[in-house]
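J.: Sharing a structure here in structure tokens format.
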Amino acid sequence: MKIKAYAKINLSLDIVGVREDGYHLLEMVMQTIDLYDVVHLNIKDKDIEINSNNCNIPLDNRNLAYKAAKLFKETFNIKEGVEIYIEKNIPIEAGLAGGSSDAAAVLRGLRDIFMPNLNNKELAKIGVRIGADVPYCIYGGTAFCEGIGEKITKLNPFKDHYLVLVKPDFGICTKETYSKIDKKEIIKHPDTKEIIKSIGENNLKLLCKNMENILEIVTLEERSNLKDIKKELLQYGSLGAQMTGSGPTIFGFFPYRDSAENCYRKMKSKYNEVYISKTI
């Protein structure tokens, strides 16, 4: 069985509180894009085995896809094992939920094999035990996410808008970013209602005017080259550019495919990891 595991971007990310256990309460507008890993599942006798074309991801119980298979087996008392092969295309440590999407793909695949009557809501309850982005990745599409990311409200589809993504040659520790933002004074929060309104109207220009990621307060201050990437995307015709998740990937929206391709060529001459994609 092959399952596509799609990347996500944050059209907005806001922090609205902190739980007693230290997890931050968020308001996010999330969007699936046409950049994906391919997760191959093969049922075997007993154990869980994981392999990949990317040597930089863990191939043991640290991998979220492994954790997903293990939790699914334990939850439903599945005796069979599974061989997982991850064909990795989404950059790692990028703010694109690659690991969470792989985990969601494993859950969806095992659901289809062993528990076909299990709905996404029930599957998401398992997913949140693996990671906060996993429930959203089970649903995909355009969504407003609250809590730590597990409360999901589907929004009108925001499809076929082109974007260019640039992943710098370093990763970002999500935990460190959130601990640092606790020490910052947040003066301006994203206008989430206006962002949701722009999606309802399928208005890309209005979205780009309002989209905002509160974590940029930390990451762009520490990594000035991310500011440079944003400026370059805007210089090459982007209607709006922003960091996704805790970074470091920066994306920019474009009105037409041609303008996105033009920007892609220019950015590719400067940076190693550049992608052209569209919302789906």
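For all residues, glycine too, the Cβ spot is worked out from N, Cα and C.
Just lifted these from Swiss-Prot, have a look:
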type: ACT_SITE; residues: K8; note: active site
type: BINDING; residues: P91, I92, E93, A94, G95, L96, A97, G98, G99, S100, S101; note: ATP binding site
type: ACT_SITE; residues: D133; note: active site
J.: Quick one: of P91, E93, A97, which binding-site residues lie within 10 angstroms of D133 (active site), measuring between C-alpha atoms? Sequence order, please.
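T.: Within 10 Å of D133 (active site): A97.
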J.: Tell me whether D133 (active site) sits in a helix, a strand or coil according to DSSP.
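T.: Going by the DSSP assignment, D133 (active site) belongs to neither helix nor strand, so it counts as coil.
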J.: With the cut-off set at 10 Å between Cβ atoms, which of these binding-site residues ends up with the most neighbours? Options: P91, G95.
T.: G95
J.: Out of E93, D133, which of the recorded positions has the smallest number of neighbouring Cβ atoms within 10 Å?
T.: E93
J.: Measure from the CA atom of K8 (active site) to the CA atom of E93 (ATP binding site) and give the result in Å, rounded to a whole number.
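T.: Each residue's Cα considered, E93 (ATP binding site) and K8 (active site) end up 13 Å apart.
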J.: Taking only same-chain residues 6+ apart in sequence, whose CB is under 8 Å from that of K8 (active site), what do you get?
T.: M30, Q31, T32, I33, L96, A97, S101, D133, Y136, C137, G140, T244
J.: If I restrict to non-local contacts, at least six residues apart, and a C-beta distance under 8 angstroms, what lies near G99 (ATP binding site) in its own chain?
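T.: Listed in sequence order, they are I57, N63, L64, A65, I92, G131.
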J.: So how many other Cβ atoms are close to S101 (ATP binding site), meaning within 10 Å of its Cβ?
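T.: A count of 30.
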J.: When you average the Cβ positions of P91, I92, E93, A94, G95, L96, A97, G98, G99, S100, S101 for the ATP site, which other residues in that chain have a Cβ within 8 Å of that mean position?
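T.: In sequence order, the nearby non-listed residues are A7, I90, G245.
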J.: Could you check what DSSP calls G99 (ATP binding site) once collapsed to helix, strand or coil?
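T.: The residue in question, G99 (ATP binding site), is helix (DSSP, three-state).
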J.: Across all chains shown, how many C-beta atoms besides its own are within 10 angstroms of the C-beta of A97 (ATP binding site)?
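T.: Result for A97 (ATP binding site): 29 other Cβ atoms within 10 Å.
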